[in-house]
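J.: Quick paste from TrEMBL:
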| type | residues | note |
| --- | --- | --- |
| ACT_SITE | Tyr211 | active site |
| ACT_SITE | His349 | active site, proton acceptor |
| BINDING | Asn104, Glu135, Asp251, Asn253, Asp348, His349 | Mg(2+) binding site |
| DOMAIN | 101-349 | domain 'Endonuclease/exonuclease/phosphatase' |
| REGION | 1-37 | region 'Disordered' |
Amino acid sequence: VVVEQKLETSEVISATPSKRSRTKQKSIKGTTPEENPVTTVKINKTSHKKETVAGLGLNVDGAEPWTVLVHKKPQAEWIPYNPKVMRPPPLSKDTRALKILSWNVNGLKALVKNRGFSVHELAQREDFDVLCLQETKIQEKDVDVIKESLLEGYTNSFWTCSVSKLGYSGTAIISRVKPLSIKYGLGVPDHDTEGRIVTVEFDDFYLLTAYVPNSGDGLKRLTYRVTEWDPCLGNYMKELEKSKPVILTGDLNCAHQEIDIHDPAGNSRSAGFTKEERKSFETNFLSKGFVDTFRKQHPDVVGYSYWGYRHNCRKTNRGWRLDYFLVSESIAERVHDSYILPDVSASDHSPLGLILKL
């Protein structure tokens, strides 16, 4: 079922936990599904097309929430992310490519059992070659059972779990393609007890899945995060890069710029958007030559990957972009597509994907 509306003025929603305000909508012209399955939305003088599908979390105006620009300080050139019209055409069948999906699942057991989500269905829909997971929250004793039941056809899977705090953190890489080598952690004991890093080596590049430490309530881990963890990860990536390009994906727990968070001013001292974390992200990753693939492809697009459970944030699109694919400059031009799947809502994060031409 396709819902159509033609909005003749811009609609920009700015939200707080207690209220929302929007610019007045002058007129709405309805059409039947047969007449016009695509709508045009003008946002701050910038037009883009979008489809809205009933049953996938429509907001009160009949639009999928992520297609509405929600930001406290929107710039004139910014537009909301809509993967249905912003993704490039598929590559030809004779073009060699690898499709990687990355997802903070916020507890793998809960995802599969309590939330009734099928990873098999996601695999059928997206046909990915590699799946990177963060915040699996499983223990070592559960890995074998999970590996057997989670996903058929992906015979290579590599898991690391927290040993300092059970049922916490945890990352994994599940792949159709057999890697050349596997490494767990950063090789630094102080950083390697929480299961935050898995590295696999393929023919053409290294792939890392990472769950970067959250600075926490009261920013208790902020100093550790920006003075120890981030520099160690950045240096580790540069060391790997001496032999072949590097791809880092995962929940990096930082909204890098104001465009990456719905309320920059209100979150200036919130974990994930402090000036210290943003500077560290720049210094330890971007300034070392790693490219934020989504921002390269979409310089003026407001696209979030995380929505807190409180205050119904996903339905009102009050989100953060905390999840990334960062790649070595040497392969940045081989990225065909870097995208988010905001309609997959079984976690407080949505999956993101990367298609790399080989």
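Quick reminder: no glycine exception, Cβ is built from N, Cα and C everywhere.
TrEMBL does not curate its annotations; it predicts them automatically.
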J.: Does DSSP put Asp348 (Mg(2+) binding site) in a helix, in a strand, or in coil?
T.: coil
J.: List the other residues in this chain whose Cβ sits within 8 Å of the Cβ centroid of the Mg(2+) site residues Asn104, Glu135, Asp251, Asn253, Asp348, His349, in sequence order.
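T.: Not counting the recorded site residues, we get Asn106, Gln134, Tyr211, Tyr306, Leu322, Asp323, Ser347.
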J.: Would you kindly give the Cα-Cα distance separating Asn104 (Mg(2+) binding site) and His349 (active site, proton acceptor), rounded to the nearest Å?
T.: 6
J.: What is the average pLDDT across the domain 'Endonuclease/exonuclease/phosphatase' (101-349)?
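T.: For the domain 'Endonuclease/exonuclease/phosphatase' (101-349), the model's average pLDDT rounds to 96.
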J.: Which residues, sitting 6 or more apart from Asp348 (Mg(2+) binding site) on the same chain, put a CB under 8 Å from its CB?
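T.: In sequence order, Asn104, Asn106, Tyr306, Trp307, Gly308, Tyr309, Arg314 meet the Cβ cut-off.
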J.: Near Asp251 (Mg(2+) binding site), which residues of its own chain have a C-beta under 8 A away, given they sit six or more steps off in sequence?
T.: Asn104, Gln134, Glu135, Ala210, Tyr211, Val212, Tyr306, Leu322, Asp323, His349
J.: Restricting to the chain of Asn253 (Mg(2+) binding site) and a gap of 6 or more, list residues whose Cβ falls under 8 Å of its Cβ, or answer none.
T.: Tyr211, Val212, Pro213, Asn214, Ser215, Arg225, Ala271, Gly272, Glu277, Leu322
J.: If you run the three-state DSSP split on Asn253 (Mg(2+) binding site), which class comes out?
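T.: Its secondary structure by DSSP: coil.
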